[in-house]
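Copied from Swiss-Prot, the annotated features are:
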- ASN41: N-linked glycosylation site (CARBOHYD)
- 32-64: topological domain 'Extracellular' (TOPO_DOM)
- 92-95: topological domain 'Cytoplasmic' (TOPO_DOM)
- 120-133: topological domain 'Extracellular' (TOPO_DOM)
- 157-160: topological domain 'Cytoplasmic' (TOPO_DOM)
- 2-31: transmembrane segment (TRANSMEM)
- 65-91: transmembrane segment (TRANSMEM)
- 96-119: transmembrane segment (TRANSMEM)
- 134-156: transmembrane segment (TRANSMEM)
Amino acid sequence: MLLLLLGILFLHIAVLVLLFVSTIVSQWLVGNGHTTDLWQNCTTSALGAVQHCYSSSVSEWLQSVQATMILSVIFSVLALFLFFCQLFTLTKGGRFYITGFFQILAGLCVMSAAAIYTVRHSEWHVNTDYSYGFAYILAWVAFPLALLSGIIYVILRKREL
């Protein structure tokens, strides 16, 4: 049981790291001397050093991506907190439904954000020299991992430690 708890805790922390990195790092779109994320657009030198950054546009779709990414981080942090609370207060044989629910919500939020960004980013950057950066890919990787950990939480029963 202890190994199972450590495994699910490791998976949850990995999802949290992926969500934080994908929300913060300026690598959602990468192009010729430019990097773009949810918050700003930056120009870079040939060596990769950031030269100038300016705020991203204020379009509604980008604000919805920003909001859903922030919600995914909040839901995942809340799920981790609830997991620790339930670990010490849940009766033997009880399931971690609330923790699983919030972790699944985090997964659905990050999926929504990445899907909206996928569909709408072409309006923002009509230049075809852009490709998806690693932060965008990390957001998509966080989606199935968050769903998986949420499902594991729902299935998991508390036993004796």
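Any Cβ shown, glycine's included, is placed from N, Cα and C.
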(request) For the topological domain 'Extracellular' (32-64), could you work out the same-chain residues 6 or more beyond its ends whose Cβ comes under 8 Å from its Cβ atoms? (result) 23-26, 113, 116-117, 120, 123-125, 129-130, 133, 135
(request) Kindly state the mean pLDDT of the topological domain 'Cytoplasmic' (92-95) in the predicted structure. (result) 76
(message) I'd like the Cβ neighbour count for ASN41 (N-linked glycosylation site), meaning other Cβ atoms within 10 Å of its Cβ, all protein chains included.
(response) 19
